[in-house]
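> Got a structure for you, questions after.
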Amino acid sequence: MIKVYNTLNKKKEEFIPLTPGEVKMYVCGPTVYNFFHIGNGRTFIVFDTIRRYFEYRGFKVDFVQNFTDIDDKMIKKANEEGTTVKKIGDTYIKEYYQDADALNIERATVNPRATEFIGEIIKFVKGLVDKGYAYEVDGDVYFSTKKFEGYGKLSGQNIEDLQSGARISVDERKKDPMDFAIWKAQKPGEPAWNSPWGMGRPGWHIECSCMAKKLLGETIDIHAGGSDLKFPHHENEIAQSEALTGEPFARYWLHSAFVNVNNEKMSKSLNNFFTAREILERYDADVIRFLMLSAHYRQQLNFSEDLLESAKASVERIYNAIGNLENLIDEVSREEMNEEEKAYLESLNKYKEKYIEKMDDDFNTADAITAIFDLIKDTNTNITIDSSKELAQKALELIRELGAPLGMFQKSTKGNLEEEIEALIAKRQQARKDRDFALADKIRDELKDRGIVLEDTPQGVRWKMI
């Protein structure tokens, strides 16, 4: 049984899909006017992992993640660069895929662009106007929040409190300060489409509501995104979607926490961000994913070079174990397991059970990773040159099986690990000859930190995993 923390009801709930064995999941994607930063990247990695885990548990997942390709920021960027909004969108959608692929983020079932749904959006807006939930002023169309009972139920705020909130724009033409634009009249220099209210473009909130409804249906299983989208974006999506259809919009709402730098939220507006591409130039995707999944997805994560280095060392420990098993598979002479080994292999299932228990509990990736470390500690100790090829192979398959939903630990180290260690040993031997004992000790300690111990023997230096 999978339990998820439902932001809507402020508690963990058993996940029961609308259709048995299927998950309809919508995740708010990027506004494509720039490269995405690692704070956005955490959101994409988290929900990629959750999608993978549902699939691991046997669900068929329809996973939709949109591109916002018409927006104030995109218009500003296009005007600054003397190009069109479409060209800006085309460019940064391509760049998104490059970076997301590099982070081993699986492609969505569908990545809709808002501009591909203008006709559907106009129908959606007209439906709200016809039902009395929206009104037109000078070519702009606003959603009337007071008409929708329960506005504020996601963010847990009442409408009176929200009216004085700092994020609400003041416009005297609106009937209420809380009302928000679902269609915007054209301004000079802006792209626009013909509508019953004149030339204009959609508001941001209406885009996701429309795409989710069109691609997944009136009620979906999971709507997800960063916690900064809870209000007003997701609150407004609920209001306009449920006002139009009369049905619950999403049964479960999942939100990932911020990535912070110096205890401040990472954001482009604060100029304290690092793009995913910048980090990928220096660290492997497994390292970045490890860091992003090393804390529970609802827990804020501080981003620093030290934490990246720590994640790198942790990933290396796991790949050292993988490399050790790969080498044993090549080196051991006995093919099949004996009865004792079969019993030992069966005992390793306790780590898989612990992993599933933790992931079933609102996708606790941090504790699931701990289960993988416990597994490799066991295999490093008990699978040796005297073991069978079959046992080493089965243990390796189990490590990879548990790593797959996390999007990690799938690469082969064959040849690379041994060559790297032998090169470091040779460097250490030369340092000792040169009487540079500080360097020799540093190399020994570095190898030890990676789970490799050196033994000086009459035949030379040997190494083994611990």
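Cβ coordinates come from backbone N, Cα and C, glycine included.
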> Hey, Swiss-Prot has Zn(2+) bound by CYS28, HIS233, GLU237. Any idea which of CYS208, CYS210 it lists too?
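Among CYS208, CYS210, only CYS208 appears alongside CYS28, HIS233, GLU237 as Zn(2+)-binding in Swiss-Prot.
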> Identify the motif ''KMSKS' region' range according to Swiss-Prot, selecting from 65-69, 185-189, 265-269, 430-434.
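The range carrying the motif ''KMSKS' region' annotation in Swiss-Prot is 265-269.
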> Looking at the candidate ranges 30-40, 129-139, 316-326, 371-381, report the one that Swiss-Prot labels motif ''HIGH' region'.
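Here Swiss-Prot associates motif ''HIGH' region' with the stretch 30-40.
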> Going by DSSP, how much of the motif ''HIGH' region' (30-40) is helix, how much is strand and how much is coil, in residues?
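Helix (H, G, I), strand (E, B), coil: 3 helix, 2 strand, 6 coil.
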> Round to the nearest Å and give the CA-to-CA distance linking GLU237 (Zn(2+) binding site) with LYS268 (ATP binding site).
24
> Please report the distance from the Cα of LYS268 (ATP binding site) to the Cα of CYS28 (Zn(2+) binding site), rounded to the nearest angstrom.
17
> Counting all other Cβ atoms within 10 Å across every protein chain shown, which of the binding-site residues CYS28, CYS208 scores highest?
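The residue with the densest Cβ neighbourhood is CYS208.
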> Under a criterion of Cβ-Cβ distance under 8 Å and sequence separation of at least 6, what residues of the same chain contact HIS233 (Zn(2+) binding site)?
CYS28, TRP204, HIS205, CYS208, GLY225
> With H, G and I counted as helix, E and B as strand and the rest as coil, say where DSSP puts GLU237 (Zn(2+) binding site).
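DSSP call for GLU237 (Zn(2+) binding site): helix.
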> Find the average pLDDT over the motif ''KMSKS' region' (265-269) in the predicted model and report it.
79
